[in-house]
Every structure is written in C-alpha cells, then in structure tokens.
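If you check TrEMBL, you get these features:
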- 12-33: transmembrane segment (TRANSMEM)
- 26-288: domain 'G-protein coupled receptors family 1 profile' (DOMAIN)
- 45-69: transmembrane segment (TRANSMEM)
- 75-103: transmembrane segment (TRANSMEM)
- 124-146: transmembrane segment (TRANSMEM)
- 185-207: transmembrane segment (TRANSMEM)
- 236-259: transmembrane segment (TRANSMEM)
- 271-290: transmembrane segment (TRANSMEM)
Amino acid sequence: MPPSISAFQAAYIGIEVLIALVSVPGNVLVIWAVKVNQALRDATFCFIVSLAVADVAVGALVIPLAILINIGPQTYFHTCLMVACPVLILTQSSILALLAIAVDRYLRVKIPLRYKMVVTPRRAAVAIAGCWILSFVVGLTPMFGWNNLSAVERAWAANGSMGEPVIKCEFEKVISMEYMVYFNFFVWVLPPLLLMVLIYLEVFYLIRKQLNKKVSASSGDPQKYYGKELKIAKSLALILFLFALSWLPLHILNCITLFCPSCHKPSILTYIAIFLTHGNSAMNPIVYAFRIQKFRVTFLKIWNDNFRCQPAPPIGEDLPEERPDD
C-alpha cells in the first residue's frame, strides 16, 4: 500500500465501505428470513436467496478488491486478473437468478394448478446450481485467455523486461473490452434483461386478464390469488428495474471505450457507474422490506427475537392479509 492516500481515494473508500456495511447485513438478513420462515421456502424465494448470496459476496469480496485496485498495487498480470474476475462471476449469477425468478413467476400465473408438479424443490436446486456453474464459466473466461496479456507482454518486452509482466492493477488493463462488450454485455447481460422485460409484461398481462375475467384457477378466491401474484410480480419487476438502472451505465461506458477510444470519459462518471453497480447489492433487501409483507414481518421478528430481546409471536399467527394494491 502506498504511504499516503489522496482525499479523493479516501472519499471513494468511505463510500464503498458504507455500501458494504449496508449490503452484507441486509442480504444476510434475507437469507436468515428464508431460513426461519417456512412461508418463504418456495422456488421464488430460493432464487432470491441465490441472488442474496451473490450480493453478500459483492459486499464482502468485490468491494474490498475494488478498493485494493483503486489504491493501485503493483502485481503480476494474472494476479490482477484473478482480482478482476469475481465481479464478473457475481454479476452473471445475479442476472441468471433474476431470469430464474422471472420464469418462476411466469409459471405461477400460466399454470397455477400444475405449478408445484413442474417446479419441484429438486428442479429449483438444479436450476440454481446450473446458474452458478454457468456464471463461473462466463466470469472466468478471461482466465482462459480472452484478456489483454498479449498487449501487456508486448509493452513489457519493449521495455527490455523479462518474465511475467508486473503492472499497476487496473480492471481495464487486464480485462479485454472486446470480451466485456461483445461477449459479456451483448450475449450475457442485454439479451437476458430484454427477455425478462418480455416475461414480466406477459406476467402482468396474464394476471390482469384473470382478474378481469375472474376465472378460478386455484382452490381459493381468484381475486386473492392473482392479486397476491400481481403484488409480488410488481416487487420483483422493481428489483429487475433497479438492477438494469445500476448496471447499464457501466456497460454503456464500456461500449464507449471500445467503439470510441478517443472519446473522453470523465472519471467522475466512471466512479458513479461503479458506485451504482456496487450499491445495487444493497438495494434488494430494502425493496423486500417495503414491498413484500412476508419479508417485512420476518425481518421484524428476527430483529425483536435476536437484537431487542422482545420475542415476537410465531410467524404466521395473526398475520394480516396482504393487500394486492400495497
């Protein structure tokens, strides 16, 4: 570490630490809530746990690594590459978890009677495992050779140096912009986001159609069933919107870097885009708390039971009905 840190770096580090201090406890609370509340054990909430695990890792791993990169240590090329790859893995995991959630909500309103036969716990677990495996493959692709090693080696050799290049560790110095734009963004980020938008539009259409026709598609009151589905779908669509809002600016900046190398990018815009991507990991628990009553009640129970020493009544007892228009 250099002997001194600039005021700008200190401010950057402070904001990153604040994001981590909100993200890690908040997402741990989400995982804890699903563990203690049986009502949060269906497939959707299992995918939400997968998303929360990725967000915990952002706060506990990616943000410290981002701070390290900002300080600018001198490292071997492949060491820096390993530092840069975790954020790619976790971003992809979040996108695939959001896609799985969208598909799950679609199935709940498209085939409500057969949903539990189609979406079994085993299949949900396989889907989660598949999402993480695919995320590691996509995120570690730069480690398999799609990186900037050739360019760095040429510059290293031009200086008369031998062995593996030692560089100032920076994301863009080791990660190829062709990989970030053509492979990461155009294949693994943008198409899934567009697909999720189409899925949620179809979900809202099906729910509104059922509410208007008042056709019973479950053992209970269709207004109650589809009203609850509408509320949850709105909440999860908001999670998707916040994810897109947080991540698209950085990908747009990457496109500018690749397609217009001479264009000037104010560093403050890059930092804002980075803060948005990291801050997204802290947003989801807040949305759950305000938008999904099962989470809100469970969060309060965990708080009362473990931090205020005021045990709350068992979850599920005297629980008010969720209002579809909340």
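FYI, residue positions are counted from 1 along the chain as it appears here.
Note that Cβ sites are derived from N, Cα and C of the backbone, with glycine treated the same way.
Only residues 6 or more beyond the boundaries of the transmembrane segment (185-207), in the same chain, are considered here, and those with a CB under 8 A from a CB of the stretch are 91-92, 95-96, 98-99, 102-103, 105-106, 109-110, 138, 226, 229-230, 233, 236-237, 240, 243-244, 247, 251, 254-255. By the Cβ criterion (under 8 Å, sequence separation of 6 or more), the transmembrane segment (271-290) is in contact with the transmembrane segment (45-69), since 3+ such pairs are found. Within the model, the domain 'G-protein coupled receptors family 1 profile' (26-288) carries an average pLDDT of 93.
Below 8 angstroms of C-beta separation, residues 43, 46-47, 50, 78, 81-82, 84-86, 88-93, 96-97, 100, 174-176, 178-179, 183-184, 188 of the same chain, each at least six residues beyond the ends of the transmembrane segment (124-146), sit close to that stretch. Same-chain residues lying 6 or more positions outside the transmembrane segment (236-259) and placing a CB less than 8 Å from one of its CB atoms are 44, 91, 94-95, 98, 101-102, 105, 172, 177-178, 180-181, 184-185, 189-190, 193, 196-197, 200, 204, 265, 269-270, 272-274, 276-277, 279-280, 283-284, 287, 291.
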